[in-house]
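The active site, charge relay system annotation in Swiss-Prot covers 146, 222, 552 and is backed by sequence analysis. The annotation domain 'Inhibitor I9' is assigned in Swiss-Prot to 27-111. What Swiss-Prot lists as domain 'Peptidase S8' is 116-618. What Swiss-Prot records for 388-470 is domain 'PA'. What Swiss-Prot lists as N-linked glycosylation site is 472, 544, 652. The signal peptide feature in Swiss-Prot is assigned to 1-20; the stated evidence is sequence analysis.
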């Protein structure tokens with residue numbers, strides 16, 4: 001293609017004034033006219049965008065790399081244009097093009113960390129916003145059961161915090177490198193519980209156990225991260241080695257935090273957990289946040305379910321992680337109906353690190369490695385993928401990589417077996433200079449990223465197949481990684497995280513779990529100063545913040561939002577707060593499309609009621625309230641024995657008497673799970689809603705019936721005369737004839753929504769799951 005005449009003139013003028021400063025590259029966003037005629041002359045939009053870059057680069061400098069290696073993004077929806085690495089001279093050339101609308105430096109504008117609070121809209125709408133209405137969570141105390149805390153982190157600074165609530169009964173327990181002065185008005189309490197762990201892990205039996213603080217001080221970083229997410233103070237200029245720069249805040253920055261260290265290097269023991277819950281109740285916390293759990297177990301064997309029943313009775317809201325065993329069906333844990341079970345979703349913040357193959361093809365990846373500021377981080381090198389044998393070389397296990405083959409090369413490492421950052425450590429030890437983490441079929445397109453020890457990026461399964469095909473078909477395959485910094489708002493979000501545990505619950509199938517999802521992927525939050533950002537022993541870098549992913553990260557988001565609602569409505573029960581969160585949750589992403597689970601719309605067993613929306617939850621209109629005694633009746637309907645119920649509720653009850661007094665009982669849960677046993681064609685449930693909005697409100701029902709099911713609601717209108725009034729309705733689920741007599745179990749989903757007749761935007765929605773059983 002011949003150079004355009006106007007480009008040649010500008011190139012000549014700029015060449016005469018070129019300097020080393022002008023030749024320094026930075027990222028620019030080039031916006032093009034959307035209806036350009038020249039676009040039609042190119043095979044693809046990518047080629048059209050690339051043509052501008054090729055013309056700009058021509059003659060300005062001696063270019064050793066292909067212009068395509070500079071192209072970071074090709075846009076077509078938000079704007080027509082592209083983002084690229086350009087010198088000042090090249091950017092000036094593009095500004096003179098009649099087809100270019102604007103050329104803008106890639107400034108960081110209002111990029112927030114943890115950005116999730118902005119993604120959730122907590123900082124918006126002035127005096128009517130969630131933070132304003134809830135006074136930032138002031139007066140509430142959030143108990144965090146985790147690995148401890150790093151009290152010197154700026155996220156726990158107490159500047160501007162109010163006095164410690166008078167009701168607080170806790171202490172700041174002294175221990176190794178932790179004194180009573182480590183606490184303040186933000187971090188008001190800290191305790192540690194090690195006895196169960198200690199007796200199970202004696203030094204004689206575990207001589208290689210890592211050294212850790214015998215105190216509430218965090219040795220691993222997990223607890224510091226979750227505690228700052230739930231209620232960390234504002235920290236300006238927060239970033240991870242330059243990425244994600246902005247102001248860090250927890251969900252409830254005005255709330256007080258109490259830390260209970262129950263997890264150690266070898267795990268979290270039930271005895272220690274139960275002891276912490278026991279003390280937290282005495283300490284008078286308002287919210288308990290538990291980013292821990294295991295596999296599904298019956299409620300009567302579940303220490304967390306048992307311990308938190310009492311907490312619920314005392315008015316404490318309990319929030320638990322759903323678990324990271326997704327996308328396996330029925331992997332969800334922490335399913336007691338008196339706790340909120342939280343799955344994980346994504347944010348619309350990306351950290352692009354694109355792989356450019358020597359043949360010019362680009363494979364999208366992500367990384368928090370600070371490639372922009374490190375010399376040779378993006379140089380082109382040979383790529384190798386080591387397979388075969390029984391050493392686990394494809395997974396890049398330590399000691400599995402042959403040094404003579406790896407030295408000086410970029411290594412492809414499959415996900416699985418060991419940690420993502422550990423793979424990079426293994427590559428670096430073997431002499432490799434860069435790494436491409438390749439998702440397998442299990443991981444699909446999951447994009448959990450890390451602050452790697454060497455230049456590295458993570459690519460999805462689709463891209464990994466293309467990469468391996470290129471390597472296998474090329475004599476000397478080469479590639480480079482192009483690090484693109486932080487990008488906001490250019491991707492669909494939220495989506496369900498691949499690792500987020502799925503329902504239905506094996507232990508408790510009559511309750512739909514998880515309850516909801518919240519941000520849990522690539523969350524930036526506080527980090528201890530005794531660890532590098534990867535948490536690996538040989539990582540000598542030190543940061544105040546790092547990135548983590550998991551339902552451990554989504555759990556504290558909801559814990560903090562729960563504290564906000566409790567601060568706004570201190571007399572609400574835990575069930576009412578949970579109802580407000582669930583019935584206002586989002587089913588659609590920021591583009592107005594159904595939230596995705598992989599390549600399909602997310603179902604109720606992936607997202608429960610949907611993605612948490614605190615802006616709506618602060619004004620839910622109606623709530624489904626549940627009294628502690630209702631849970632006991634519910635357990636009776638499950639057929640639990642007297643001893644089972646006693647173990648869970650600490651109440652010695654007669655289910656025969658309870659069921660006689662409550663015929664046809666159904667728990668007043670905000671979601672609806674219906675199970676048709678073999679031979680049954682009709683099921684009926686009852687629900688009660690309480691008006692917490694305006695007096696003289698009228699709500700009309702709207703039903704999206706599950707496929708093959710007829711749904712009848714009576715009454716169809718609820719007329720509330722005053723606030724706090726409670727009204728009941730019944731719902732019949734009738735199996736249509738075509739679905740009767742089936743030989744296999746089947747599933748359908750729908751939703752039931754009460755719409756405020758005076759405010760159509762106020763919708764109180766309950767997800768519906770219907771299961772047809774054959775035995």
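Each Cβ is built from the backbone N, Cα and C atoms, and glycine gets one as well.
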Roughly where does the domain 'PA' (388-470) sit in mean pLDDT, to the nearest integer? 87
Specify the count of other C-beta atoms within 10 Å of the C-beta of residue 472 (N-linked glycosylation site). 9
Candidates 222, 472, 544, 652 (recorded positions) passing the 10 Å Cα cutoff around residue 552 (active site, charge relay system) are 222
For the domain 'PA' (388-470), DSSP counts of helix, strand and coil? 27 helix, 14 strand, 42 coil
Close in space, distant in sequence - residue 544 (N-linked glycosylation site), Cβ under 8 Å, 6 or more apart: 153, 154, 155, 235, 238, 526, 527, 529
Among the recorded positions listed here, 552, 652, which has the most company in the form of other Cβ atoms within 10 Å of its Cβ? 552
Assigned element (helix, strand, coil) containing residue 652 (N-linked glycosylation site), judged by DSSP: coil
Alpha-carbon distance [residue 146 (active site, charge relay system); residue 652 (N-linked glycosylation site)] in Å: 32
Using C-alpha atoms only, work out the spacing between residue 472 (N-linked glycosylation site) and residue 222 (active site, charge relay system) and round it to an integer in Å. 39
Rounded Cα distance in angstrom between residue 146 (active site, charge relay system) and residue 222 (active site, charge relay system) is 7
Specify the secondary structure state of residue 222 (active site, charge relay system) as given by DSSP, simplified to three classes. helix
Once DSSP output is merged into helix, strand and coil, residue 552 (active site, charge relay system) belongs to helix
DSSP-derived structure type at residue 472 (N-linked glycosylation site), helix or strand or else coil: helix
Structural state of residue 146 (active site, charge relay system), classified by DSSP into three states: strand
Within its own chain, what residues at least 6 apart in sequence put their Cβ under 8 Å from the Cβ of residue 222 (active site, charge relay system), listed in sequence order? 146, 147, 263, 291, 548, 552
